[in-house]
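Trainee: Please read through the structure below; I'll follow up with questions.
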Amino acid sequence: MYSRVPTSEAEDLQLRTDESSSSLFGSEWRFERRHVVAFLAFLGFANIYAMRANLSIAIVQMTTNRTIEVNGTEQVVVAEFQHWNSVTQGFILGAFFYGYILTQIIGGILAHRSGGKLIFFIGVFGTAAFTVLTPPLAFIGKFAFIGARFMEGLLEGMTYPAMHVMWSNWAPVMERTRLATFAFSGSYFGTVVAMPLSAIIGDDFGWSFVFYFFGLVAILWCVLWCKMICEFPQEDPKISTDELTLLQKDAVGHGVYMVPWRKILTSRAVGAVVCAHFCENWGFYTMLTTLPRILSDLASYQLEKAGFVSALPYLMMGIVLLASGQMADFFRKTRHWETVHVRKLFCVGGFIGQTVFMLLASFSSSSAFLIFYLTVSIGLGGLPWASFSVNHLDLAPQR
């Protein structure tokens, strides 16, 4: 990974001053308004990933017949959509990502113009609305279902770039990795909750309530986001003078300027970030959408057990991401490692570890070892995420 390097002694001194002013580590730590932003963002990402991951559990319930016992007699409950073959299910599971890839850049542009708070809200609220509408749309037909998932992808695609715009206002230089990775780790903890909870809700109340539950929870989050979060620190009536001074010192300018698209598109640094994103997300989303089905079909796990086991890799990934964010800024702040070296170490080290354990999983004939290898392989994805997910802020203009 790449990092912007101080261009003068004065700028290097400024960064060191930021280090000493930052209070997220050590005895001076206290809960500030930027931590409220981070916590609400954590919950926001948890919600959108829960709404993204619940389908991987629900679609098994929607398409698989199951046997229940009534008065001592076994009866087969026919799934409403048992006629959807694996190809149709693949299109439904993949529709989200066809939309998701289209709004990444657009989301950043809109967030810069209209504010990260608003665009993040639109992304979460719109996804929640389509999630609540999923059951009736599914009964209308598979194309309506695919369209809903596509729209969810379009809306969620704006959330990550919108949050980067928020961090350009709310994250001091030497706290960027910690704050950003804490917020982004909500994605994985949301997945951890969504998979087993979706299995339980589906078994007890039916698959449609999986979508109603997570959609309504996300709408409640939207109310909190609107009431508690401000776009800029100076707009927050509860912020302290010390925190406002710290944030304004590190604030990025929001004036109108020409975006150097040619330089961006031909930059080796940008290319490295794009490559890292692609490599990590290819495997992550493949496993996110297919792991419950793999455990159900190949390991013969009941759906509820498959839901719990499927959550383990994302629990590990969330923990690794949180720890990695802390370690990365510790190395930068306390050990005075160059940012570029920290980013490269975490990204390359994580990828190597993931590759080793994924290869071991492919040769495993034991269900227990298969789950262990997959858990470690996916979980180590937290290391590169602590690198490339914040590298955008390293590369972006600092003033």
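Cβ coordinates are placed from backbone N, Cα and C, and glycine is handled just like the others.
Take a look at what TrEMBL says about it:
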- 36-60: transmembrane segment (TRANSMEM)
- 36-399: domain 'Major facilitator superfamily (MFS) profile' (DOMAIN)
- 91-111: transmembrane segment (TRANSMEM)
- 118-140: transmembrane segment (TRANSMEM)
- 146-167: transmembrane segment (TRANSMEM)
- 179-201: transmembrane segment (TRANSMEM)
- 207-226: transmembrane segment (TRANSMEM)
- 265-285: transmembrane segment (TRANSMEM)
- 305-324: transmembrane segment (TRANSMEM)
- 345-364: transmembrane segment (TRANSMEM)
- 370-390: transmembrane segment (TRANSMEM)
Trainee: Against which stretches of its own chain does the transmembrane segment (265-285) lie, if we need a Cβ under 8 Å and a gap of at least six residues from its ends?
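Mentor: Cβ under 8 Å, 6 or more out: 1-2, 97, 347, 351, 354, 358, 378, 381, 384-385, 387-388, 391-392, 395.
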Trainee: Is it true that the transmembrane segment (146-167) and the transmembrane segment (91-111) have 3 or more Cβ pairs under 8 Å, skipping pairs fewer than 6 apart in sequence?
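Mentor: With 3 or more qualifying Cβ pairs, these stretches touch.
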Trainee: For the transmembrane segment (207-226), I need the partner stretch with the highest count of C-beta pairs below 8 angstroms, choosing only from 36-60, 179-201, 370-390.
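Mentor: Going through each listed stretch, the top one turns out to be 36-60.
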Trainee: Is the transmembrane segment (36-60) in contact with the transmembrane segment (118-140), using three or more Cβ pairs under 8 angstroms as the rule and ignoring pairs under 6 apart in sequence?
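Mentor: Taking Cβ pairs at least 6 residues apart, the transmembrane segment (36-60) and the transmembrane segment (118-140) are in contact, with 3 or more under 8 Å.
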Trainee: Determine the mean pLDDT over the domain 'Major facilitator superfamily (MFS) profile' (36-399), rounding to the nearest whole number.
Mentor: 88
